[in-house]
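According to TrEMBL:
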type: DOMAIN; residues: 41-290; note: domain 'G-protein coupled receptors family 1 profile'
type: TRANSMEM; residues: 26-47; note: transmembrane segment
type: TRANSMEM; residues: 59-78; note: transmembrane segment
type: TRANSMEM; residues: 98-120; note: transmembrane segment
type: TRANSMEM; residues: 140-162; note: transmembrane segment
type: TRANSMEM; residues: 197-216; note: transmembrane segment
type: TRANSMEM; residues: 237-260; note: transmembrane segment
type: TRANSMEM; residues: 272-292; note: transmembrane segment
Amino acid sequence: MESENQTLAAEFLLLGLSEDPELQPILFGLFLTMYLVTVVGNLLIILAISSDSHLHTPMYFFLSNLSLADICSTSTVVPKMLLNIQTESKAISYAGCLTQLCFFVVFVCMDNLLLTVMAYDRYVAICHPLYYMVIMNPRLCVLLVLICLLISTLDALVHTLLLLRLSFCKHLEIPHFFCDLTQMLKMACSNTLINNIVVYLSTMLLGIGPVSGIIFSYTRIVSSILRIPSTGGRYKAFSTCGSHLSVVSLFYGTALGVYLSSAVTDSPRKATVASVMYAVVTPMLNPFIYSLRNKDMKGALRKLTLGTFSFS
């Protein structure tokens, strides 16, 4: 009971990316810039989609929700990191750490599931074009997003509630820039068998499941595209999937990189640097991928920008 009481009053220390005092101003400027680019870029995507009636389609509805999830996931971890650098404090309360972990898992899981839903949307659009608007009706689109949110919330709550039963008696230093689930489990001085089982099951269901769905969708998509007789028709069909494929490759590629780096190396610092890719860099790059590779999005952003300047 004494160790449990100590846990409730404990503060964790987020060691961040580096303890070198000379690097702190550089890290602050770098992450502040990336955070602002992420928020502004994804916010522009949302505003462009909402302001242009031509983009009120299922694909862009899911994209706006993906952009919102990216803003929220980055906002869960980066502001606290910037605050710690600015105040030269590494402390985060026990409740704050669990809250950060819970919300980060929610929004990263949302990203994961939304990418799968977007793959299904492209599958219906290319393989069943005549029934696309019937199948992907507004009610189904809203329902799919709500299901993604529900699954993500349940997954995050399960991990968070299971952490509440653990005791953290010593070594309260987290070698990360946010409260990472695996690092917290390593610090626990009580039995983490149930937690580890749930982590593996969650990874299997919410990792392999969506990836399998995406692979299945694109297998059918490629099969349908190859049956199109004209080269122009093939290019037009595939171009609608290019941005999504790029984001999927970036998201799962960086996630796989984090997993392999933590499995291969014993240095938690290297795994922390690798996790910057999926936690910060990927949400920052998504707006560029969708805007640079999509003519409709370019046009909507141009209209939004011109409209803003003309109004001012």
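Including glycine, each Cβ sits where the backbone N, Cα and C put it.
Counting residues 6+ beyond its ends, the transmembrane segment (59-78) has Cβ neighbours under 8 Å at 31, 34-35, 38-39, 42-43, 45-46, 49-50, 100, 103-104, 107-108, 110-111, 114-115, 117-118, 121-122, 125, 141, 144-145, 177-178, 240, 247, 279-280, 282-284, 286-287, 290 in the same chain.
Sequence-remote contacts of a segment are chain residues at least 6 beyond its ends whose Cβ falls under 8 Å from one of its Cβ atoms, and for the transmembrane segment (26-47) they are 16-18, 63-64, 67-68, 70-71, 74-75, 78-79, 81-82, 85-86, 280-281, 283-284, 286-288, 290-291, 297, 301, 304. Between the transmembrane segment (197-216) and the transmembrane segment (272-292) there are fewer than 3 Cβ pairs closer than 8 Å, counting only residues 6 or more apart in sequence, so the two stretches are not in contact. Touching of the transmembrane segment (237-260) and the transmembrane segment (140-162) is ruled out by the presence of fewer than three CB pairs under 8 A, sequence neighbours closer than 6 excluded. Model confidence over the domain 'G-protein coupled receptors family 1 profile' (41-290) stands at 88, taken as the mean pLDDT rounded to a whole number.
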